[in-house]
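Undergrad: Grabbed the feature section from TrEMBL, which reads as follows:
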- 48-67: transmembrane segment (TRANSMEM)
- 79-98: transmembrane segment (TRANSMEM)
- 119-142: transmembrane segment (TRANSMEM)
- 148-167: transmembrane segment (TRANSMEM)
- 179-201: transmembrane segment (TRANSMEM)
- 221-240: transmembrane segment (TRANSMEM)
- 252-274: transmembrane segment (TRANSMEM)
- 286-311: transmembrane segment (TRANSMEM)
- 323-343: transmembrane segment (TRANSMEM)
- 349-372: transmembrane segment (TRANSMEM)
Amino acid sequence: MENSSAERKQQLALDIADGNDPSDAAKNPDGRTKLQGLFKQLSLLDRYLYVWIFIVMAVSIIFGYYVKGVKKAFQVAEITSVSLPIAIGLWVMMYPVLCKVQYGMLGGVLRQAGSLKTISLSVVLNWIVGPALMTGLAWATLPDLPDFRTGVILVGIARCIAMVLIWNDLAKGDADYCAILVAINSILQIILFTPVALLYLKVVSRGKGFHVSSWTVAKSVLLFLGVPLVAGVLTRLILMNAFGRKWYESKFLRFIGPWALIGLLYTIFVMFPIRAHQIVDNIGHVVRVAVPLLLYFGILFFGSLGICRWLKVPYPLMVTQCFTAASNNFELAIAVAVGSFGIDSTQALAATIGPLIEVPVLLLFVYIVGFFQRKGPSV
């Protein structure tokens, strides 16, 4: 009985990944009952994740606004201008997902037919389309708020190497392919972030006061991806050799699985109290900043979805492609904004609004692709 919930969830994920149509259940009462049963078997955390995220966001902002000393307490220790509690949350969030990746198969994934095409598409979407789109939307919607506009552009330039692992896992994307795209984006981030940021902030936007070194970006990548990645690789290698694959996949992965979502909720909780006063006191500007962010996430996600469907990309790879394109590295954007403009700057506030919008929106996209996938394998 203790394994029944995980087995049912795993079977449903396998059905979707294999292209089977769970929506056949909607065509007969027995199938409908089965789907309802599967939903009931999900844990309370999984079933109402959207509710928990909104509750945690609201509580964290209220907590930070009314409780004195919260900001100082959370900033008692920092790593690359990011609060240590936030860094710990990111590590806890990413570790279970990276423990699932079958690292020995990554070379085979790269050698598969069509892999060069899909990887090239990801690079174009992430490093050409994404930054250009965010810059255009920021200028179109925030022409009179240059500091907020700068923070928004920084969010668009910082490509995701962390939370995309969570969205991909929730939407049943291809974990191995996601690991490859994250690795590629990590390398390109070290090489391209500074020149791309200078292009859009100094040349296109004619901004001033921006400065960031490649080492700042490299530190962010090494700390927020490198630490949990090394931990995941070593954990998989040591435990599988010691206890075998069956024990590792049926016992250990099942045990640490909930940590990812708990880490996500914890990260959200410790992130927003630091900026609570700025968010509440500038609520009108926060709402305006949400506009380009909402447009950006929607256009990039559904645009990627349309391209992948046109190219007939299989569902697991398509999901990975879409979430990789639409996600952003908020910890890097915040770190660069704080380092360049100051911890209480408007630019840093705008960068913080990024995850405030991104988390619920991309979770909504997880539900959307899951719903349509259950409707039919063509999605």
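Glycine is treated like the rest: Cβ placed from N, Cα and C.
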Undergrad: Is the transmembrane segment (79-98) in contact with the transmembrane segment (221-240), using three or more Cβ pairs under 8 angstroms as the rule and ignoring pairs under 6 apart in sequence?
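TA: Counting Cβ pairs under 8 Å, at least 3, so yes.
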Undergrad: By a Cβ-Cβ criterion of under 8 Å, what residues six or more beyond either terminus of the transmembrane segment (179-201) are in contact with it?
TA: 98, 101, 103, 106, 109-110, 119, 122-123, 126-127, 131-132, 135, 150, 153-154, 157-161, 164-165, 207, 210, 212-214, 217-218, 221, 225, 320-321, 324, 329, 332, 336
Undergrad: Take the transmembrane segment (252-274) and find every residue of the same chain, 6 or more past its ends, with a Cβ under 8 Å from one of its Cβ atoms.
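TA: Contacts of the transmembrane segment (252-274) (Cβ under 8 Å, skipping residues fewer than 6 from its ends): 3, 6, 43, 45-46, 49, 52-53, 56-57, 59-61, 63-65, 67, 70-71, 74-75, 83, 85-86, 89-97, 99-100, 163, 166, 169, 239, 243, 352, 355-356, 359.
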Undergrad: The transmembrane segment (148-167) and the transmembrane segment (79-98): do they have three or more Cβ pairs under 8 Å, with pairs 6 or more apart in sequence?
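TA: Contact between the transmembrane segment (79-98) and the transmembrane segment (148-167): present.
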Undergrad: Which residues of the chain, 6 or more past the ends of the transmembrane segment (148-167), have a CB below 8 A from one of its CBs?
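TA: Result: 90, 93-94, 97-98, 126-127, 130-131, 133-135, 137-139, 142, 173, 178, 181-182, 185-186, 188-189, 193, 196-197, 200-201, 205, 207, 210, 221, 224-225, 260-261, 264, 285, 288-289, 292-293, 296, 323-324, 327-333, 336-337, 341, 346-351, 353-355, 358-359, 362-363, 365-366.
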Undergrad: Taking the transmembrane segment (119-142) as reference, which of 48-67, 286-311, 349-372 has the most Cβ pairs under 8 angstroms?
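TA: Checked against 48-67, 286-311, 349-372; highest Cβ contact count belongs to 286-311.
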